[in-house]
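Since the structure comes first, as structure tokens, the remarks are kept for the end.
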Amino acid sequence: MSTGLRYKSKLATPEDKQDIDKQYVGFATLPNQVHRKSVKKGFDFTLMVAGESGLGKSTLVHSLFLTDLYKDRKLLSAEERINQTVEILKHTVDIEEKGVKLKLTIVDTPGFGDAVNNSECWKPITDYVDQQFEQYFRDESGLNRKNIQDNRVHCCLYFISPFGHGLRPVDVGFMKALHEKVNIVPLIAKADCLVPSEIRKLKDRIREEIDKFGIHVYQFPECDSDEDEDFKQQDRELKESAPFAVIGSNTVVEAKGQRVRGRLYPWGIVEVENQAHCDFVKLRNMLIRTHMHDLKDVTCDVHYENYRAHCIQQMTSKLTQDSRMESPIPILPLPTPDAETEKLIRMKDEELRRMQEMLQKMKQQMQDQ
């Protein structure tokens, strides 16, 4: 039964204040405690960018976070790009804004989609995502779990060329290979190459093909009923705008007496942050201001849990098949374990046996979702 406090207009006496203090437990300060602890610890976010060369990936990242991560980048010739294999490059930078610290990691994929034969060109990328899951699983299962570093990919911005008539086979192959492992946010790159009617047609075509090929891109969560109308309107606009048509620019130009980031053409100026020109502001708001935490939650609660359940299932199946095995066989090929690793595996063996009993319950929960 809740107790309501009625405040009168007269000045409160010391006795009244004592009565109020007696009825105040103090757990209402929990959000403040969590906020202070989170700000002190800082936040981390790993963003992958993928797509063929020349679509403005690095420029868009610079525009989003106002940080140049590609100072030492070497530009390759067309011939070098054709012969280049897919690489995985990480760029990490610490950003601070109003006392809030963010450790941002950008995972770049140079060489993707540039070869003459692009079959299975996404394999190094899927392997990288799996390796981060595996490393986190090992750290989480270890004895020292205080300072686990989260390198899991929380979001993948996939750049689609504006010059085609929809998704290319390599686009479909990439997204289908990763859609169960990472949150994919498709983008139409270099939207200033298209007029508004062409952008609308291309968006409709991409949405149709995403449904046709059964690709699971990141789904915006539904708004709570108690959210204010402005937030609900913003959420509707985000959902209607996907896939986002974006423009990036590191150049400051003058438009109507104001200095803005944009591109200068003979016919006028395209402003990066003008919502009438592109969806850059919507993407930035979604990625940083409204949905960054949800992207991390979906990574942890859905994609990583699927990987973890698969690992546990394989381990317990192996234990069931051969009870004489001293330790479960890891999922991915590993170097020969040392004495400390063997000891750790033996200690975890009993825990894995208990987890086998929980496996059926976990499967049922996943099916219910």
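Cβ coordinates come from backbone N, Cα and C, glycine included.
In Swiss-Prot, the feature phosphothreonine is assigned, of T13, T109, to T13; the remaining candidates carry no such note in the record. According to Swiss-Prot, of the candidate residues S225, S323, the site noted as phosphoserine is S225.
Note on S161, S327: Swiss-Prot annotates phosphoserine at S327; no matching annotation appears for the rest, which is not proof of its absence.
Geometry remark: S225 (phosphoserine) versus R168 (omega-N-methylarginine), CA distance 39 Å.
Cβ neighbour counts within 10 Å, taken over all protein chains shown, single out R168 as the most crowded of the modified residues R168, S225.
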